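> Got a structure here, written out as structure tokens. Questions coming.
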Amino acid sequence: MAKILSFSDDARHQLEHGVNALADAVKVTLGPRGRNVVLDKKFGAPTITNDGVTIAKEIELTNPYENLGAQLVKEVATKTNDVAGDGTTTATVLAQALVREGLRNVAAGANPTGLKRGIDAAATKVSEELLGKAVDVSDKAAIAHVATVSAQDSTIGELIAEAMERVGRDGVITVEEGSTLATELDVTEGLQFDKGFISPNFVTDAEGQESVLEDAYILITTQKISAIEELLPLLEKVLQESKPLLIIAEDVEGQALSTLVVNALRKTMKVCAVKAPGFGDRRKAMLQDMAILTGAELVAPELGYKLDQVGLEVLGTARRVVVDKENTTIVDGGGQASDAEDRVAQIRKEIEASDSEWDREKLAERLAKLSGGIAVIRAGAATEVEMKERKHRIEDAIAATKAAVEEGTVPGGGAALAQVLPALDGDLGLTGDEQVGVSIVRKALIEPLRWIAQNAGHDGYVVVQKVAGKDWGHGLDAATGEYVDLAKAGILDPVKVTRNAVANAASIAGLLLTTESLVVEKPQEPEPAAAGHGHGHGHQHGPGF
């Protein structure tokens with residue numbers, strides 16, 4: 001395939017156009033008075049959302065050079081969402097400001113590498129300063145505050161705080177679409193482990209990039225499966241039952257994997273394969289935990305089981321299984337409660353008897369998974385469109401709340417970034433282009449506050465000036481238009497979210513500023529229509545207009 005190229009200033013400006021296109025679509029959602037964005041879907045109703053990363057993922061530009069810029073900023077939003085679960089719009093706004101100011105300086109003759117070093121140094125300093133000013137989140141009321149701010153709904157905030165209290169801070173909280181108008185919390189027996197699907201072809205929910213198996217059979221084995229002949233007898237029995245199947249094995253590869261993938265793609269059978277978590281003896285113990293929770297028999301040669309000779313009796317069951325690229329969640333396993341209680345008691349004894357700190361930590365993790373259960377929040381709404389939007393908000397709020405519990409909170413509403421500017425006084429002792437890099441970060445840090453104010457109908461620059469002059473933690477409540485003590489008003493952001501937004505924006509901006517050439521595939525030109533021969537008006541060659 002032929003490639004086309006673009007160089008230096010021309011390349012960077014086309015990247016900037018792409019950055020602006022995506023950022024302008026996303027930043028209107030910032031703050032409590034942010035607007036919604038409607039996303040067209042090929043199938044079903046359109047999606048209405050104010051979630052930055054959801055909007056960013058939908059954007060593809062026709063100009064291939066500009067599209068590269070849009071994809072780079074999409075990476076900022078996605079990365080921030082993956083690490084902190086929120087703050088995607090803030091990260092996008094910061095990236096846009098850093099790119100704009102950076103390119104202006106590059107055009108004026110600044111060295112991009114020097115600017116990048118200055119931007120990185122300033123971002124690191126801001127991150128350290130924010131961490132130092134963070135306040136721990138420990139009680140239920142504080143957790144509810146953080147969740148309420150993220151979800152912009154006090155009912156959701158209370159539900160998340162309740163869920164965290166019941167399953168523990170490290171517990172699993174999942175979100176499902178509800179069947180009533182009310183949003184409800186349900187704590188069920190369940191388990192989650194950090195291994196995702198072996199192949200993305202097992203995905204059943206393209207939007208969420210998840211494999212969702214309802215009322216599923218579960219095969220748990222210590223073996224590596226590579227020959228389909230080993231699995232075939234069992235697969236045929238499961239197929240007769242018309243139920244989905246989750247396979248947890250040391251690995252599934254070769255002919256076995258390709259056969260499962262083909263069946264999943266053809267929709268002959270709903271199936272998903274995941275690798276077993278852990279290593280060695282610990283892996284075997286974790287598989288035994290799963291077997292007890294799901295009512296399965298652990299299929300292992302040393303226990304007298306051969307994979308090609310077992311039937312449905314060795315399979316466990318679960319009401320629901322959700323597998324994404326990183327995690328597998330099993331909800332409502334079909335095991336006996338008494339067996340699970342015995343297993344929990346056994347692990348507690350092992351913890352007491354263990355001398356190794358590491359062993360105790362890993363045993364405690366297994367205990368939490370076995371005894372904590374899974375909190376399921378069912379998003380209720382009057383219409384499917386509203387339900388999907390609410391589900392998005394709840395998922396964001398859960399991630400933000402977990403981030404707050406992990407590292408603490410700072411004042412929200414964009415105030416923390418605007419009031420952390422004194423940390424950059426003296427330009428960190430840097431000179432030349434590195435000093436300019438620090439001043440670029442200084443200008444960018446006010447942008448989230450400016451857009452929160454602007455979206456709420458205020459003059460952004462006037463608000464920035466007022467907030468920057470106030471004591472730490474005092475700022476604009478954009479919902480009411482008043483200047484308040486943000487912590488007392490419950491307007492807080494997880495410091496992990498804010499730090500990651502700054503770090504990821506600085507990273508992508510630095511890469512973009514130091515870009516000197518772009519290489520993209522040459523767009524295919526439309527083929528000309530077949531030559532037509534008209535009569536009465538002479539001959540017409542080529543496409544007619």
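Cβ from N, Cα, C; glycine included.
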> Which of D10, D459, D493 does Swiss-Prot put in the same ATP site as T29, L30, G31, P32, D86, G87, T88, T89, T90, G413, D477, A478, A479?
D493
> State which of the following binding-site residues has the fewest other Cβ atoms within 10 Å around its Cβ: D86, D477.
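Counting other Cβ atoms within 10 Å of each of the binding-site residues D86, D477 gives the minimum at D477.
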> Select the most exposed residue of T29, T88, where exposure means the fewest other Cβ atoms within 10 Å, treating these as the binding-site residues.
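It is T29 that, of the binding-site residues T29, T88, has the fewest other Cβ atoms within 10 Å.
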